[in-house]
Amino acid sequence: MTMWQFKSYFKHHLVFWKDRFLHSSEKQMQRRSILSSVVLIILSFLISFLLIISIPGGRGASFFALFTKLFLDNTNTENFLRQIAIYILAGLAFSFCMSVGIFNIGISGQMMAGAIFGFLMILKVFPSSFRPGFGGQIITVLLMVIGSVSVAVVVATLKIFFKVNEVVSAIMLNWIVVLISAYLVETYIKDNSGGTAQFFSLPLPDEFALYNFSPLTKKFGWLASLIIAFISVIIVAVVLKYTVFGHKLKSIGSSVFGSQAMGFNVRKYQFLSFIISGILSGLLATVVYTASTEKVLTFNNVGDSAISAVPATGFDGIAIGLIALNNPFRIVIVSVLIAFVNIGARPANLNPNTASLVLGIMMYFAALYNLMVYFKPWRYLVKLNIGKINLTTYETYENKLAANLEWLSFQRFLSKQKKKNDKTKFNWFDTSLFEQYAKNKQEIVQEYHHNCATNLIAWWLNAIQSGNIKPSTTFKLEFVNFKHQQKFVLNWFKNESESLRDFQSQFERINKLVEREFVK
């Protein structure tokens, strides 16, 4: 195999993958989904920007500074990267339960349970001489996962076996866990160096904290956090999309009764989804409380010693999961955007409420997703450029392109079977199928172009001959659109001089006839 053959084979593959995404019928919902998500995110930021500059004292420059000033300071940058990991894990913990239709609002409590269990075990139960040279962070992760899963199991048991609404039980457990955690910290592991105004635990030893995970990530807790977060994203995505277990979870989420009719043990899978969500909450606790420089279990975001709230991290995860529509990879994108807003607000000198404003707007636009999925803006562009009369021609064109892709996919499948049976004689980098596909595609495109031009000419000639040309404002607007369609269609034939001259002369003839009718 020569380098030229490899480049040619790779180039054909790229074209195939691009066409498959753009024209394949099986990728139709994916295309619409991506387009809808991008449009909604852009709209949410645009509306946020307009609202900010409309507020007295609001500055548009500060809004754009969210994405620039953040990286001027190393501390802000590290907090930003760690916050991305926190949001990703919180979003995954919520979304995994949502895959079976369960609204897990107890992520904050599960996270706090994991944190208090891990801190108590390491600071009070383990002997002070026990400081492993390597693997202490793994012990921390396991302890916090055990604590988080324990609370998740309680919520799951109440929901599945006692029919207690998971939202009610999780909210109650959130408060119970936070208050018990505060009592345990106050009684056993409180750091009194901060005085009475501040309320936090003793710091976790370096040997157990993600902040000092390894020589590579020493003093870079954000790196270990991102590694954990991205590994979790990949595992969750693979489980949900490529395993029988994942498909059963999504089936139950779509229809509990339908899944029961198929013979699925619904209780079992709902219970397992709670456990996996609890595992993710345990990982979240590890990142939140051991990946920063402080390495303490703090209550400063819930009122310190006067507990007045539960940690907002779990609720951030709910918002992110809803905005991302429970898709693991979208959760990453949304987490980055929200982290930009939350961490970048201070260096950009924006009001602290800006983050909540943008988040609320993004959630509102996320609610419009189902409407956007069925909104087809490109159809309006097609109608504008080739005319309403060619919409059927365009649909036929799309169907033929999809059929051509199906032909190539099937032929490639047969080709792979031949490779298995005859590895010595078969040309592994044969591009003949791709070349035939490209030839078929070119013929389909040429047919589409000629049909569009012919249909436009036929429709206007028929309108002239039947006397339907009226010097009205409506018809004059249609004629203006027709002139735009002429330019658009003729641009297709700029490399086909004969066809270009033919269609150009016919369009000019129609223009003269129509203008003559308008004069009458």
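Glycine is treated like the rest: Cβ placed from N, Cα and C.
Quick caveat, the model's predicted, so the values are computed rather than measured.
Database features (Swiss-Prot):
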- 38-58: transmembrane segment (TRANSMEM)
- 84-104: transmembrane segment (TRANSMEM)
- 105-125: transmembrane segment (TRANSMEM)
- 138-158: transmembrane segment (TRANSMEM)
- 167-187: transmembrane segment (TRANSMEM)
- 220-240: transmembrane segment (TRANSMEM)
- 271-291: transmembrane segment (TRANSMEM)
- 318-338: transmembrane segment (TRANSMEM)
- 355-375: transmembrane segment (TRANSMEM)
Tertiary contacts of the transmembrane segment (271-291) (same chain, 6+ residues out, Cβ under 8 Å): 82, 85-86, 89-90, 92-94, 96-97, 99-100, 102, 104, 107, 110-112, 114-115, 118-119, 137, 140-141, 144-153, 155-156, 159-160, 204, 208-211, 221-222, 224-225, 228-229, 232, 236, 245, 249, 297-298, 311, 313-314, 317
Top Cβ-contact partner of the transmembrane segment (167-187) among 84-104, 105-125, 138-158 (pairs under 8 Å): 105-125
For the transmembrane segment (318-338), sequence-distant contacts whose Cβ falls under 8 Å of one of its Cβ atoms, 6 or more beyond its ends: 33, 37, 41, 84, 87-88, 90-92, 94-95, 98-99, 105, 107, 230, 233-234, 236-237, 240, 355, 358-359, 362-363, 366, 369
When counting Cβ pairs under 8 Å to the transmembrane segment (220-240), the leader among 38-58, 84-104, 138-158: 84-104
For the transmembrane segment (105-125), distant same-chain residues with Cβ under 8 A (at least six beyond the ends): 90, 93-94, 139-140, 143-152, 155, 166-167, 169-171, 173-178, 180-181, 184-185, 188-189, 201-202, 204-205, 208, 277-278, 281-282, 284-286, 288-289, 297, 310-315, 317-318
